[in-house]
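Working notes for the structure below.
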Amino acid sequence: MDERLVSSEADNHESVIEQSLRPQNLAQYIGQHKVKENLRVFIDAAKMRQETLDHVLLYGPPGLGKTTLASIVANEMGVELRTTSGPAIERPGDLAAILTALEPGDVLFIDEIHRLHRSIEEVLYPAMEDFCLDIVIGKGPSARSVRLDLPPFTLVGATTRVGLLTAPLRDRFGVMSRLEYYTQEELADIVTRTADVFEVEIDKPSALEIARRSRGTPRVANRLLRRVRDFAQVLGDSRITEDISQNALERLQVDRLGLDHIDHKLLMGMIEKFNGGPVGLDTISATIGEESHTIEDVYEPYLLQIGFIQRTPRGRIVTPAVYHHFQMEAPRYD
């Protein structure tokens, strides 16, 4: 799969950069107003009662700030954040080691929690519900179960695929919050804030131009800002102006809707070779040289969100909006 500027996934290097850009409290966090307002109430109530915050599940598309919110929850509660991920916990013993190392009140953040193995989930149930850990010592007839008490803690789980969570795990979260895509105005505020952190001057039209092409996702907005900053430093006087931002984004092949060259290849392939569809996923895969699951999981969600493709029983079709975007005449069916 080609590297994409508009991908909502983060690589390891980018995760380090994101950490330096993260707001430290709810007041600094831009967007997600309903989620913030509710978390403010839950956090304040827990602090007033001198209790740990109830377990929190954050779900929604990647790149919207789930990890940042987990860090903010820990900061607001005045406790430490311990971070891991579903794929990193391979055995029940791995989870037991993490849980027994927690201090009272700590926040344990598990990213991609939907990827936990079922046997590991079963260890997590009593830990979440009763703050205890059941460990089996020995094997065969002589095996016995020992219960270890754990300090009270808050589990913050994050997932992009909440439907893959088992019902027993999902039901143990007292707070469930869905993160939504951001508005252009919110993304422009994020771009402006990030530019301040980078000590780069940017005007409002430029921030809006970057926001418009960021697919509703802060991670994409910050990535595009970093690349536009490169153009401003090399081709200009380090200030990000509207001309610089438009020129940079055109050279980066990110159009005004946030579509990149791969999106264009997919959509134009459907139009030119299949008259706009319907066409099956495997056929699209063979046509553009990408895996079917990559198309379905990576490329399609945004195209579906903006109404550029539709899924039908007979396959995918492009909508009239695609022809309008590419300034083409839509076919007429008599």
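Each residue, glycine too, has its Cβ placed from N, Cα and C.
Note that the coordinates shown come from a computational prediction; the quantities given were computed from them, not determined experimentally.
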One of ARG118, ARG170, ARG172 listed by Swiss-Prot as binding ATP at the site of LEU21, ARG22, GLY63, LYS66, THR67, THR68, GLU129, ASP130, PHE131, TYR182, ARG219: ARG172
Binding-site residues (ARG311, ARG316), the one with most neighbouring Cβ atoms at 10 Å: ARG316
Annotated ATP contacts LEU21, ARG22, GLY63, LYS66, THR67, THR68, GLU129, ASP130, PHE131, ARG172, TYR182, ARG219, maximal Cα-Cα distance (Å, integer): 37
Site with most surrounding Cβ atoms, counting all protein chains shown within 10 Å, from the binding-site residues PHE131, TYR182: TYR182
Neighbouring C-beta atoms (10 Å sphere around the C-beta of LEU21 (ATP binding site)): 15
Separation of alpha carbons, GLY63 (ATP binding site) and ARG311 (DNA binding site) (Å): 24
Whole-number mean of pLDDT values that fall within the region 'Head domain (RuvB-H)' (256-334): 88
